[in-house]
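Residues or ranges marked as substrate binding site by Swiss-Prot on the basis of sequence analysis: R21, Q22, A23, G24, R25, D71, Y146, S201, H316. Taken from Swiss-Prot, the feature site 'Transition state stabilizer' covers D71.
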Amino acid sequence: MKQIINPLKGNDNKIPIWFMRQAGRYLPEYKKVRETTKNFLDFCYDVNKATEVTLQPIKRYGFDAAIIFSDILVLPHAFGWEVDFKENIGPILKQFKSQEDFKYLQINPNDKLEKVYEIIKKVKKELPSPTSLIGFAGSPWTVMSYMLEGKGKQDFKTSKKFIYENKILAEELLNFITEKTADHLINQAKSGVDVLKLFDSWSGVLAEEEFTEFVIEPTKKIVLKVKEVFPKTPIIAFPKGAGLLYEKFIKEVPIDILAVDQMVPLEKMKEWSDKVIVQGNLDPVVLLTNKEIIKEKTYKILQAMKGKNFIFNLGHGILPETPTENVEFLTEYVRLYEEKNSNSTF
């Protein structure tokens, strides 16, 4: 049985564990492969290299799931939008400003996404059983935000101003991204992934009305469309920073697994685990500290979620400066806790 799917099958004894950005710059073996290709997107589309780095954390740590090495911005890039990644800066995109800009978006994707599906098929062949394989996409609001801003920001004033002032155009762009995202996830499932995930990194910048319109509604459309074709494929959603709106999200979006950030109280995670499987939520910065602190913080989460529908993960991605030995210690600690399953002597 696929390890990460155990909670869906009622197996409470297993604590599935994997980490966002588990294949990345904190791994020396990743850096060695990454430095062979200058352009980041070219690296994402290189079938052999992307397969290799997807499998690296599985070989090193034995996580219960591998997540395809890719990026949320391959989607707009595949539809003709200008996307580039600058060293030490991050993504730089052509800025979407008006109706005229739709002419730069193609109706059908180029062959770039086919490379992603080839990577999935190759990883699937090489992935040790019973490790799960996760495919993913950026949620429409987050992808749309990058297009409206032209790069990553913290306040997203440009994006929010745009949706306030250009409701019809914003809805048109949102619908385009929503449709293409659903298709991309369906094609990943067809290629062999076991689980799908939607990353909404910037959902936390929206007020309730806009959160409903730009996060909840498009995510719901995507989930329903995917479930029409793959009703048994679990879907994880991560509306990062949603705060109190996580509850509204759970009520209105028919997901299987809710990923939460480190700001969510453990009591809320316990409460929500009666409705969905909850994934999270160790602060990634904890992995920059020492073993005692890692043990203390991890134990609190494991104790709170003991016997619950739960997947252990971080509240966001592994930081590039994270010591590999700390990731190893954390993984072994979760395994040991699972084995002993005791709140008295452990």
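Heads up, the Cβ atoms here are built off N, Cα and C, so glycines get one too.
All features noted in Swiss-Prot, drawn onto the structure.
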residue: R21; record: substrate binding site; Cβ neighbours (10 Å): 18
residue: A23; record: substrate binding site; Cβ neighbours (10 Å): 26
residue: R25; record: substrate binding site; Cβ neighbours (10 Å): 14
residue: D71; record: site 'Transition state stabilizer'; Cβ neighbours (10 Å): 18
residue: Y146; record: substrate binding site; Cβ neighbours (10 Å): 27
residue: H316; record: substrate binding site; Cβ neighbours (10 Å): 23
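Taking the Cα atom of each, H316 (substrate binding site) and D71 (site 'Transition state stabilizer') are about 15 angstrom apart.
R25 (substrate binding site) carries neither a helix nor a strand DSSP state and counts as coil. Taking the C-alpha positions, the distance from D71 (site 'Transition state stabilizer') to R21 (substrate binding site) comes to 10 Å.
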